[in-house]
């Protein structure tokens, strides 16, 4: 039955390894991809998937191993060589140039004279053949995430690749857009016998869309086989390296079907604490509007979070929730509207005003605005409350150490000493440093933006416990997340954001996948 | 002199003072679109001015001098390109060092050498030159001025219509994306710098063998910085950049003409006028516009 097993693989990797200093990113990886199949490459963040693909694309040089294209051994030392070998990549972060038009982006990297008419005709031809409608003259910065994904696909398919690599392609797409993508991919492998490598950390996606699957764990191949002969539970076990039981873990892995929202015993969200007229909100956004290039990114957005509750701000990426995070970090100043803490409006123009007013923030990109990687753990921990460790402008190292050691013990921060540079800590411990600093300041409200992005399962679980604990102690917690399962597992109420406005707020108990899906899609009734 | 004559004089000298700026601005524009905020344009112009007079004096031909000047500009660009887009030294540091180096070198060399003056020939179109006010400005100029009329549309075409220009713009906006599309980012940036060196060289050489006929110490006097200001003033569009050059050129002409018109002002203050104007113009016009997103950001594969 499975004739594909007899086929010569389109691409074979044998013993491919790559180290970055002491860190092993890829450890003797074997991988064989056949024509006419979608091959899933599954692994947690940091399992080595992206490094492996960068090796295939000539962006990173491997330390050991061989790569065979068909039957020929090959050396891929630049993106040009990769393209010549028929390897096409659709990148996780779009590789499109925003001020250029669709057709200009599509022909980027070609050679010879520019023929605008021919380029547009080609775009339209590819777009028709695969059912990816797009206007070749549109400028990229005017397109939605889904449309950009189409342009990426067209750009890739126009070069007629025999192997198509997609790196986390659905991370910014709605469910409908994801479904459309997988339909196109099916056509690509079935009708045209191309090979597709689908890199993902979402189990549901791998189960639904792939023919074969390879699981990477800490750089090495942990499992390899036909998708239909395995189960999601088995793959999850291989990916994590142990049994997955906790609901929040499963949620983080994308294991839970969205259709099953009822919480499991023991990890149920705390009892509802919705803001009522009698209990004023600790954190209130009132009619906040923020324009970028004349277009509203936030459009009269209003939101209340009461003390002791967790509100999940959920929506598809690119609908403004990242902007809410940046706004509450003090990185952006709104064009109109106010942010109030305990009923008092905050002057957002003054640096540090939100922190002074009692708002803690775990920012989405901790390396960007959460920590200073080259400073020590202790320095990062006291950074926002220097008054407590200085006397007449002189830092007291003794006080700093004492505070740091207390917080490290309290928040399970694993580091050799308070003087260790933060850079050498794992992502989970770096995130704990941020959380420890913010919670130790005794905030009235805490904003956690994508707090578990890039963390391993243990650190995710720890983060969940801390957030629940903070809420139980009376802190108003705003959880900004694009992971529905995460929001479902933590929040008392879910506020859905779409095109920069809150389109609905539901108690988690009433939030069914269907209702949320409608809201996310912008349908409010 | 009548008022019309005065205006004609100012316009004509304004046009001549605009020419070196416009040449160099066409080059700087290309370098910046590719992502290099090239401050060594001052060194390119000054080195070219010196080189053109030295070669003109040696060969007796101002035209050969002009070509030599352009090559000096290319040489400076080559050094800059290698240092900042191959060895990856900070482009501002490279630019500052080159500017200081060329200023010192030419200042020394001019004290130890004697050059004879040379000037490229002048085009003087009969009849047309007698058109009031604009006649002298448009039809009595040295020949490289008419070369400029070809360089401007060529620069526009290269950036907006050629594949090289498309790749250049991609490199200036998003080098990582350009790289994965198979474009050699640093090579394109070096090439853009060479184009900048060629044109800034022509501009500097024109100043010496076209405008003045000799070289004196620091004769560009910061015109390279005016060129950078013009590109920013022009919001990274060629047309507006050239308008910026004309504004700065006219300001310079006014400065020279004011004493002749009987206006007495402190001459040092007048020298500062075009720069002050550049500052004000950028304050008013430049803030709202969008620069190439990767301007002044180095690119190395493997880093994000």
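Quick reminder: no glycine exception, Cβ is built from N, Cα and C everywhere.
Annotation source TrEMBL lists transmembrane segment at B:48-79 (among others). Within the same chain, residues 27, 40, 98, 102, 106, 109-110, 113, 115-121, 144, 190, 193-194, 196-210, 214-215, 219-220 sit at least 6 positions outside the transmembrane segment (B:48-79) and bring their C-beta atoms closer than 8 Å to a C-beta of that stretch.
Sequence annotations record features per position, and here TrEMBL assigns transmembrane segment to B:91-110 (among others). Through the fold, the transmembrane segment (B:91-110) approaches residues 36-40, 42-43, 46-47, 49-50, 54, 76, 79-80, 83-85, 215-218, 224, 296, 298 of its own chain, all at least 6 residues removed from its boundaries and within a Cβ separation under 8 Å.
Long-range contacts of the transmembrane segment (B:143-159) within its own chain (CB-CB distance under 8 A, at least 6 residues past either end) are made by residues 15-16, 19, 22-23, 26, 29-30, 33, 66, 120-123, 165, 168-169, 195, 199, 202, 206, 210, 238, 242. Taken from TrEMBL, the feature transmembrane segment applies to B:143-159 (among others).
Within its own chain, the transmembrane segment (B:192-209) has Cβ neighbours under 8 Å at 19-24, 26-28, 30-31, 33-34, 36, 38, 41, 44-53, 56, 62, 65-66, 68-78, 80-81, 85, 118-120, 142, 144, 147, 151, 155, 158, 168, 215, 219-220, 223-224, 227, counting only residues six or more beyond its boundaries. What TrEMBL records for B:192-209 (among others) is transmembrane segment.
Sequence annotations record features per position, and here TrEMBL assigns transmembrane segment to B:221-238 (among others).
TrEMBL lists B:245-263 (among others) with the feature transmembrane segment.
Long-range neighbours of the transmembrane segment (B:269-288) within the same chain, counting only residues 6 or more positions beyond its ends whose Cβ lies under 8 Å from a Cβ of the stretch, are 221-222, 225-226, 229-230, 232-233, 235, 244, 247-248, 251-252, 254-255, 258. What TrEMBL records for B:269-288 (among others) is transmembrane segment.
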Cβ under 8 Å to the transmembrane segment (B:245-263), counting only same-chain residues 6 or more beyond its ends: which ones?
6, 9-11, 13-19, 21-22, 25, 226-227, 229-230, 233, 270-271, 273-274, 277-278, 281
